[in-house]
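Each remark here refers to the structure printed beneath this line.
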Amino acid sequence: MRFDVISLFPDMVSDAASYGVTGRAIERGLVDLSVWNPRDYTHDKHRTVDDRPYGGGPGMVMKCQPLRDAVNAAKQHNVLANRKVICLSPQGRLLNQELLLDASCYDQLILVTGRYEGIDERFIQQCCDEEWSLGDYVISGGELAALIVIDAVTRLIPGVLGDEESAKQDSHFDGLLDCPHYTRPEHSDIGDVPDVLLGGNHADIKRWRMKQALGRTWLRRPDMLEKVTLSAEQDALLKEFRTEVV
Ligand SMILES: Nc1nonc1C(=O)NCC1CCCCC1
């Protein structure tokens, strides 16, 4: 997987991505990351990337030409056919695990991040394939959104998480929230580890974890539960959870 990020703050992206799972994936060559600064594709002495909005109003708008040339530089640097140009913005399709799973099948994702009041619409319409959104709120720039896409997609790349199951046990991977996790000590003044996790019976542990995941999803995110088809065993486990919690 190759990520090319278009950003006015390249170090913000490359530094953050150099830690943890994404940093190790880059070191191991499972992921390539390049960052392209639109300011490097300006042609005036002030290296202008923004301008006042037509129609008036506050703030500045990012100009098309520097962004377009930065995207083209990213495309020419790696001619990978199976790629998408994504603009991160509050106007985009809401990010979820399904969208990220689809995205993980591409060879290259070019992630365009905005600043100021926004990006000239002509660039979005003509140079981007899709717009994706973190959620219904506004942050100061698209870089954090791009980093979330990079992190979440990287976790889905085979071999990145060592044990394939880790990604599959993540919250939302199977449409459910994650089960609770515990580690040493067994007993503490703020509670004890559930006995089932100490017993070593793997079938019981797997059953308990699925029951907790189903129960949590039912309690905290019933909307998610409406979108998944439960197996007969999962249905029975959820019924069991609901009788116990009432
Ligand atoms: N929400 C979001 N999801 O993805 N990106 C988001 C965002 O809020 N981005 C910042 C804005 C800042 C002004 C220009 C356009 C992008």
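Positions of Cβ are set from backbone N, Cα and C atoms, glycine also.
Feature list (source: TrEMBL):
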type: DOMAIN; residues: 1-227; note: domain 'tRNA methyltransferase TRMD/TRM10-type'
type: BINDING; residues: G114, L134, G135, D136, Y137, V138, I139; note: S-adenosyl-L-methionine binding site
Averaged pLDDT, computed only over the residues in the domain 'tRNA methyltransferase TRMD/TRM10-type' (1-227): 95
Candidates L134, V138, I139: member of the binding-site residues with the richest Cβ shell (10 Å): L134
Chain-internal residues near G114 (S-adenosyl-L-methionine binding site), provided their CB is under 8 angstroms and they sit 6+ positions away: M62, C87, L88, S89, G141, G142
Position of peak Cβ density within 10 Å, selected from the binding-site residues G135, D136, Y137: G135
